[in-house]
Every structure is written in structure tokens, then in C-alpha cells.
Amino acid sequence: MTKPLEGIKIIDFTHVQAGPACTQLLAWFGADVIKVERPGSGDVTRNQLRDIPDADALYFTMLNSNKKSLTLDTKKPEGKEVLEKLIRESDVLVENFGPGALDRMGFSWERLNELNPKMIVASVKGFSDGHHYDDLKVYENVAQCAGGAASTTGFWDGPPTISAAALGDSNTGMHLAIGILTALIGRGKTGKGQKVAVSMQDSVLNLCRVKLRDQQRLERVGYLEEYPQYPHGEFSDVVPRGGNAGGGGQPGWVLKCKGWETDPNAYIYFTIQGHAWEPICKALGKPEWIDDPAYKTAEARQPHIFEIFGTIEGWLADKTKFEAVDILRKFDIPCAPVLTMKELANDPSLRASGTIVEVQHKKRGSYLTVGSPIKFSDMKPEVTASPLLGEHTDEVLTSLGYSRQDIFNLHEIKAV
Ligand code: COA
């Protein structure tokens, strides 16, 4: 089956997570992604948090599947020459170096556009161009702080908190992938490439948009009725951390189930959807709450919402998180067990859908990785192993017209 992005050649000048997550997605969908790495060391994540000596770390393998690896010292003239050849025949170059690194290497946007006016040049940086912090190098947690996620995550009596989800890294990579695909469609109309830039701060903020909503509501009315601070606590002039509150119009909380005393994940998330109040009361065996004025409306419930959550926890006390969800689903109540990574890794539904896949790697043997979360009716993206460092160097150089002697010489001077 031909894949939609087959024939699109991408120079993957990315490292760590934000850039590689973007190019991996495009590779899953058929693009020919050539990862350019420094000879000898490669992407730093190959060595980070290794669990098997001498084998690429899972951090690398899980972000670089379906790609080729070309080692190239792009600071040496011979390496630059190879890169220029590659640029002339590629559709996209993706990079997430520190600010100014590509310019210092001699590949500014102007130069790239001169070498290949049809090429799309896509970049991730910590902050957008012209921002007063645009000289900063940025990693995940820095972006979560700069994009508003940290100040609004966690509990009100604790410090700003980082999410385990890669809001700064992979999320930015996903935004960049959308930008690249948009620019490719644009090129189909204009024949011209363009520069696509996504900052980690902007991508985090884009996901925190409801908190920007809340800031404006707070400034207007002085309180946020869906936050645990309402109506008994105090609000300042900034959006507070709301613990496990729902965040939208539906109150919710993480509630203890049977076994929580010894199992730190024996919890469910329970949502009190306004119009589902009657089925909730029926599920909990509390029919008297249905028409009780103290419970009947969302407004009436909010002042004692934690007493209601406490009653639900009483109901949950003799049910495991799975048993509870099996009952509540029959009443159409939005809820889920709090799942651990172990439970997710072994979930047969996720294996069947290709969301978690087992891949064979030349050095590691088999490992688990995430597959495409995007499902298509006409294509099932297949996940293949990440490349060894420089595994495709000779293949790529040959395709660029280099002879065996040329390739030998490039190896000799360690340009590749
Ligand atoms: N050959 C020769 N030199 C190479 C090379 C290659 N194949 N690949 C990279 N380099 C050089 C770069 O040119 C740069 O050199 P210079 O600083 O002398 O100009 C150098 O390697 C280091 O690049 P840099 O990206 O600054 O690495 P770093 O390890 O210091 O910083 C980050 C890492 C992630 C903090 C930084 O890249 C960054 O802020 N990126 C943008 C935001 C981002 O994507 N963050 C990561 C999210 S996971």
C-alpha cells in the first residue's frame, strides 16, 4: 500500500524530543526521513538513560522509528558539501538546534532558500523569533513553566508542578508537523517553500488556553466557580492551581477506590456531568438526591461538592477501580480508572489498535514503543526500528552520486 507521504524527502536535523517526535510522525506516514547526526556520538538521547550497555537508549528508539541515519559533520567543508547536495533534492528540512546554531553552521534561512527555493524549513525553538527570551535554550520543563502549564498545575498549597505529558517537547513537534503539512499543501499551490517556526512556549500556551479563559473570567468576576477554592477559599488576581478539578464546565475529581491504602493508583476519575445528575444518583444508590434542592442543580452542589465526592468515595470503598468503572459505564457517567504504565503496556486493546507496538531492534532485541495515535481507514502506519548510528550513511551518499572511493575518503577524514 502506498503511504500518503511517500516521495517526500525530509532532512531530519533534529535531536532530543521535540524535533524527533515531529519527523517520526511524518516517517510513520511514509516520508523518507534522513536523520543527520554528528559522527561518533549522534543524537544525545542515544546515550541517555541507557538500560542496556552499548545499545541505543529507549529514549532514542521511541522517537526515531522509521528513519534512516546519516552521520555527517556539517561543520567540515566536506560535510557541508554533502548536506548541500541533500538540501537541493529534499522537500523539507526540520531542525531544533539552539538559537542561531544553524546560522553559525552557514545554513541560514536565506542560504537554504537560495539552495532550494521549494524546500520547507521547519524549526522548533524555545521562544518565538523576536521574543525577549529568544536567545534561551529550552527543555521540556522550562517550556511548561514559560507556557503557563506549571503555574496552573498541581495543588494550591504546593509549588508549581510539571506534567508528565511532554507538553513542551512532543506537543511542539506535533504542532510543527501540522505546520509542515500545511506548508507542503501551500507549496502545491505556489511552487514555493517557506519557513515554518513553532516555539515550545506557544505550543504549551495553546494547550493551556482554558487557563487564559479563566484569567479573563477571574479579572471580570473575581472568582472561578469550578475551582476547589470556590466558594469557601480565597482567589488572588491570577489563575490558581486547581488540583484535580475538572477545568471545563463539569466538576470532577480523582477518587479513592478499594485498595488505595496500599496501591497508589487505586483511583478513578469521576465527572459530575450536569445533565447526568439523575443517573449518577441512581448509580450511587442515592435516589433521594435527585430532587433534593441542595443537590438538584450544579449551582446548589458546588458549595458542598467535596462532601458529594466523599459520599462517592464511600460507595467506591468496596470496589476496585475496574469494578467501579464497569458499573458507572452502564449509567453513561464519564469516568476512567487511573491507569499505570504497566497496565497500559499490557492493555490488549492498545496492542490491537497499534497504539502500543512491539518492535525488533538489531541490538536491543524487542522493545515496546508507541504507534500512531492517528488512525486512518486506508492505512495502518507500520512502526519499524530506529536506525543504528550511521546505519544508512553509505546508502544515502551513494544515492547522492558519491563513488565508493569518495565515500571511503569521507570516512577517512571523519566527515561522515
Ligand atoms: N555536525 C557538526 N556540528 C553539529 C552537528 C553535526 N551533525 N549537529 C549539531 N551540531 C552542532 C551545532 O551546530 C551546535 O554548534 P554551535 O553551538 O557551536 O553552533 C552544537 O552542535 C550544539 O547544538 P545545540 O542545539 O545548541 O545543542 P545543546 O545540547 O547545547 O542544546 C537544546 C540542546 C535542546 C537545549 C537546544 O538545542 C535547544 O534549545 N533547542 C531548541 C528547543 C528545543 O528543541 N528543545 C528541546 C526540546 S526536546
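Cβ coordinates are placed from backbone N, Cα and C, and glycine is handled just like the others.
Note that the coordinates shown come from a computational prediction; the quantities given were computed from them, not determined experimentally.
Summarising the annotation, TrEMBL assigns active site, nucleophile to Asp169. The Cβ of Asp169 (active site, nucleophile) lies under 8 Å from the Cβ of Val16, Gln17, Ala18, Ala21, Tyr139, Glu140, Ala143, Met200, each of these being in the same chain and 6 or more residues away along the sequence.
TrEMBL lists 15-18, Arg38, 72-75, 96-98, Arg104, 137-140 with the feature CoA binding site. Neighbour density for His15 (CoA binding site): within 10 A of its CB lie 23 other CB atoms from the protein chains shown.
Positions annotated as substrate binding site by TrEMBL: Gly248, Gly249, Gln250. Secondary structure from DSSP puts Gly248 (substrate binding site) in coil. Around Gly248 (substrate binding site), taking its Cβ as the centre, 11 other Cβ atoms fall within 10 Å, counting all chains.
Each of the binding-site residues Asn96, Gln250 was ranked by the number of other C-beta atoms within 10 Å, and first place falls to Asn96.
Under the three-state DSSP scheme, Asp73 (CoA binding site) falls in the coil class. Residues from the binding-site residues list (Asn96, Arg104, Gln250) with a C-beta closer than 6 Å to any atom of ligand 1: Asn96, Arg104. Checked against His15 (CoA binding site), the binding-site residues Gly248, Gly249, Gln250 differ in C-alpha distance, with Gly248 being the nearest.
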